[in-house]
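Annotated in TrEMBL:
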{"type": "ACT_SITE", "residues": "His136", "note": "active site, charge relay system"}
{"type": "ACT_SITE", "residues": "Asp166", "note": "active site, charge relay system"}
{"type": "ACT_SITE", "residues": "Ser250", "note": "active site, charge relay system"}
{"type": "DISULFID", "residues": "Cys117-Cys137", "note": "disulfide bond"}
{"type": "DISULFID", "residues": "Cys244-Cys271", "note": "disulfide bond"}
{"type": "DOMAIN", "residues": "106-284", "note": "domain 'Peptidase S1'"}
{"type": "SIGNAL", "residues": "1-28", "note": "signal peptide"}
Amino acid sequence: MTMKTLRRTAAVVAAAALALAAAVPAKADPVKPPRLSAKAITETLNDQINTPGTAWMTKPDGTVVVSYDSTVTGTKLTKLTGLTKQLASNITMEKLPGKLQKYISGGMATFGGEYKCSVGFNVQRRGKYYFLTAGHCGVAAARWYQDQNHAVYTGAVVGASYPWNDYSLVVYRTDIKMKPPGGSVYLYNGHSQDITTAMNPGLNQLVYRSGATSGLHSGRVTGLNATVNYGDGRVAGLIRTSVCAEPGDSGGPLFYRQWAFGLTSGGSGDCKTGGVTYFQPVVEALNVYGVSIY
C-alpha cells in the first residue's frame, strides 16, 4: 500500500468515526409530570382514599395538605404516601398528634342514649326554638336530655345529616315549664357571649370554642374546605383550626364575639397537649333548616 493510499484510508476512517459520533442520540431531559390543580388532587383523594384517620385541605397558595394520624401505618400509610407522590409536587404530608376522631363520648351537657355532646347554637323558626349540634350526635340518638340519667328531657332530633355533612337540629320541648332558651354561648367562667349573627370565617381568624368537656379555648382558623375521614364516614367542607377539643365537645360552638362560625365535628390531640379540630360551618346548617340565630 502506498503512502497516498494510506492517507486516503485514514481520512475515510476518520470521517466514519465522525459520522458515528454524530449519529449517537443526545440524552433527553427527563419530562416532569404535569402539575395538577388542587381541585384535581382533592378529587383524586376523594375517589381513592377513604382510610380512617386521614384528612386533606387546600391552602390559599394552591398547596394541598394531606394529614394522617397515629392509626395510619403499614400498608395504609404506604398507599397514602404512594398516591401523593404520583399526584404532584404541590402536596405536603403532615402527621397529626394522637387519633383523629369525632368528639362524642358517654359523659355531661346534653345527653342522648349513651352519648354526651354539646349544644351548639340556639336558633328559632316561626316561634319555635331549637338548638344545632353535630350531625353524628343527631344520628346517634333521637331524644336528648339535660342529665346523664335522662331525667330532664330537652328535646327531639328533627333533622340530622351525617356523614358528608355534620349537623343536626333538635327542637326544644314546648311544655309550659320550658322558657325560651337564650341566644348566647356559655363561656365556662360565669359569663355568656351573646350571639347575633352567623358568617363563614377567614383564614387566621381568631376563634373561640366552648364545649361541655373542656370548657372554653381559643385558636386560629388554619384551613377551609377540609375533608376528614372518620371511622364511619367522610365529612367535607370543614373549617380546620388550632383550637383543642376533647370527646364530649362535639356539636359545641365555634365563634368570635357575636359571630357564629361553626359546630365542633372532631379532630386529634387534646387540651393538655394541643391538637387540630375541625368544625362544620354553621351557615350551611342554618340555610338547610331555615332557622336563624337570635
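Don't overthink the numbers, they just go from 1 along the chain as shown.
Backbone N, Cα and C define each Cβ position, glycine as well.
For the recorded site, Cys117 (disulfide bond), the DSSP three-state label reads strand. Per-residue confidence over the domain 'Peptidase S1' (106-284) averages 92 (mean pLDDT, predicted model). Recorded residues Cys117 (disulfide bond) and Cys271 (disulfide bond) have their alpha carbons 17 Å apart, per Cα-Cα distance. Using a 10 Å Cα-Cα cut-off from Ser250 (active site, charge relay system), the recorded positions that qualify among His136, Cys244, Cys271 are His136. Cα spacing between Cys137 (disulfide bond) and Asp166 (active site, charge relay system): 9 Å, rounded to the nearest whole number. Scoring each of the recorded positions (Asp166, Cys244) by how many neighbouring Cβ atoms lie within 10 Å, the top position goes to Asp166. With respect to their backbone Cα atoms, Cys244 (disulfide bond) and Asp166 (active site, charge relay system) stand 18 Å from each other. His136 (active site, charge relay system) sits 22 Å from Cys271 (disulfide bond), taking the CA atoms of both as reference points. DSSP classifies His136 (active site, charge relay system) as helix under the three-state reduction. In terms of local Cβ density within 10 Å, Cys117 ranks first among the disulfide-bonded residues Cys117, Cys137, Cys271. Ser250 (active site, charge relay system) has a Cβ environment of 32 other Cβ atoms inside 10 Å.
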